[in-house]
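Reading through the structure tokens given below for one structure.
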Amino acid sequence: MKKNGSSSLATLLPPLHSISLNRSAAAVAELRRPLDLPLDNPPESVQQATKTTTTSSFSPRTDGSPRELLISLIRSCSHKTLLLQIHAHIVRTSLVRDPTICLEFLSRSALSAPFRDLNYSRRFFSEISRPSVFQYNVMIRAYSMSDSPVEGFYLYRDMRRRGLSADPLSSSFALKSCIRVSSFEGGIQVHGRILRDGLQSDSRLLTTLMDLYSCSGRFCEARNVFDEMSRRDTVAWNVLISCCLRNKRTRDALALFDVMQSEAYGCEPDEVTCLLMLQACSSLNALEFGERVHGYIEERGFGGHTNLRNSLLSMYSKCGCLEKAYGVFKGIRDKNVISWSAMISGFAINGYGREAIDAFEEMQRMHVPPDAQTFTGILSACSHCGFVDEGMMFFDRMSKEFGISPNNHHYGCLVDLLGRAGQLDRAYQLILSMDIKPDVEIWRTLLGACRIHGHVNLGERVVDHLIELKAQEAGDYVLLLNIYSSAGNWDKVTEVRKFLKEKTIQTTPGCSTVELKGVVHEFVADDVSHPQKGKIYEMLDEINSQLKIAGYVVEISSELHNLGAEEKHCALSYHSEKLAIAFGVLSTPPGTTIRVAKNLRTCIDCHNFAKVLSGVYNREVIVRDRTRFHHFWEGRCSCNDYW
């Protein structure tokens with residue numbers, strides 16, 4: 001090849017019109033035969049290029065040589081036909097021995113749109129007699145993002161067997177492959193190699209390693225990797241926060257927001273950090289903390305990002321602050337389907353079904369097409385408010401008017417809608433006639449409706465379906481216990497309790513949280529762990545005395561044990577949400593709204609307790625249970641006792 005700089009692209013490749021597609025296909029067939037071209041004495045320029053090339057960048061000389069023109073052509077190639085011609089040229093001129101050209105070609109064919117043809121790239125890769133680490137990196141990276149990520153791990157293993165030492169990129173892409181296929185054992189092997197290769201000082205690589213442990217549910221190991229980092233950037237903190245959220249350590253995630261900004265670390269949160277914080281605030285009903293994050297977003301100039309605005313909207317909705325949610329929604333300039341769906345879902349969970357329907361209609365007038373999540377929100381709104389006819393209408397429109405096939409979430413909303421309305425047989429027939437296989441959540445939704453309406457026989461049938469799916473959980477048996485106890489069938493209650501004990505099935509304890517000055521306080525039934533437990537119990541006893549005067553009577557049917565009336569009264573007196581509300585009354589000035597989050601469905605007695613308390617103490621009490629919000633004010637609830 002000439003190197004005097006006078007060659008043009010025409011001397012490198014024949015004209016496009018002179019090569020037919022058939023000829024290109026023939027060239028590809030020819031390339032399937034591996035080339036045995038040794039690379040014992042590559043030119044000095046090639047050796048230098050190999051040393052300075054990475055998978056992410058290459059700085060070519062500007063001497064206009066045919067070699068550099070070819071590299072430029074590969075980078076700018078946008079048609080597969082031209083890429084095939086370049087491939088044929090590389091083989092015909094033995095440039096397959098040039099590591100830099102092969103690297104550029106692999107990067108273009110395996111990673112760049114519109115190609116990303118891994119089968120083709122793999123065949124080209126197999127023609128390279130002695131692939132470099134950089135070339136392996138391209139292929140491992142491509143597979144880690146593909147539908148066959150396990151091949152990335154296999155290529156990493158093949159590279160090691162050839163005696164090539166992995167660099168941080170190789171190990172990082174191999175770890176990502178293991179994460180994609182949930183291969184913790186494979187990830188452990190890569191971790192061992194990282195230690196042997198002395199790569200543990202690379203912060204980005206350790207960040208990926210943290211992600212591996214986090215996805216595998218091993219929080220302590222992920223935290224250990226984080227602690228071993230010599231330099232922790234914002235990405236590393238974000239992965240640690242994400243690890244906390246994934247492993248249900250949400251309060252720890254909130255604490256990290258302040259820790260990372262402390263003088264000891266001095267790391268500034270970015271947009272991703274804020275998204276994770278808003279997710280944590282939504283989970284814990286931590287409105288005050290969410291408002292802090294909102295302020296930080298505005299201070300840093302992140303407020304124009306639509307994804308953050310949508311997350312703020314969702315956070316305020318899930319904290320029961322619908323006015324602020326709507327304020328954020330109105331401030332979004334380019335409202336997309338996610339924005340509308342979040343607002344509709346916010347109306348739904350807070351019991352504003354009619355407003356959710358109005359928002360859906362306004363969305364249509366703005367010519368924003370709904371998606372599957374939009375219909376989940378609108379069907380949920382109909383379910384929470386008992387709009388049976390409207391719900392059936394929207395379900396019908398979803399497929400006929402908008403071409404969206406219903407999924408299990410949509411069917412679940414419809415089953416919930418019919419079940420809450422007392423149409424249990426119709427809900428059961430709907431499940432049996434579904435076009436898709438019903439998942440366990442649909443059966444549990446129907447079981448919950450059986451509990452509400454005391455339908456014993458259907459409840460037993462639903463549990464049988466769950467057993468067939470091998471998906472029964474402790475909560476399912478608790479619902480069954482509730483059905484039996486409501487019917488006064490204590491023999492069945494005893495039978496189920498004996499079964500739970502024999503199978504060592506542990507039920508999930510009720511837990512309620514309340515936020516005060518940015519700190520989340522957690523309570524369980526009969527809790528004695530809080531530092532102010534004495535004052536809290538005194539306040540709860542005083543509240544109970546005041547509520548009795550106002551006519552509050554304990555609803556003993558909420559107690560599932562076969563006890564006497566007085567014993568049931570005592571057992572119900574110290575439920576977790578009652579302790580949380582008492583703490584709120586104790587710790588805040590009169591008139592302050594009390595916000596409580598409950599991990600389970602609130603019982604009838606606690607619902608009545610909060611309703612009467614809101615009138616006696618002139619407090620707005622907002623309780624978010626597992627399925628919806630209850631806004632208590634002046635002795636009434638937003639759910640109208642329909643939940």
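Quick reminder: no glycine exception, Cβ is built from N, Cα and C everywhere.
Residues or ranges marked as compositional bias 'Polar residues' in TrEMBL: 44-62. Summarising the annotation, TrEMBL assigns domain 'DYW' to 551-643. The annotation region 'Disordered' is assigned in TrEMBL to 36-64. The repeat 'PPR' annotation in TrEMBL covers 132-166, 233-267, 336-370, 371-406.
Mean pLDDT across the repeat 'PPR' (336-370) comes to 94 in this model.
Secondary structure of the repeat 'PPR' (132-166) per DSSP, as helix, strand and coil residue counts: 24 helix, 0 strand, 11 coil. Sorting the repeat 'PPR' (371-406) by DSSP state (H, G, I as helix; E, B as strand; all else coil) yields 27 helix, 0 strand, 9 coil.
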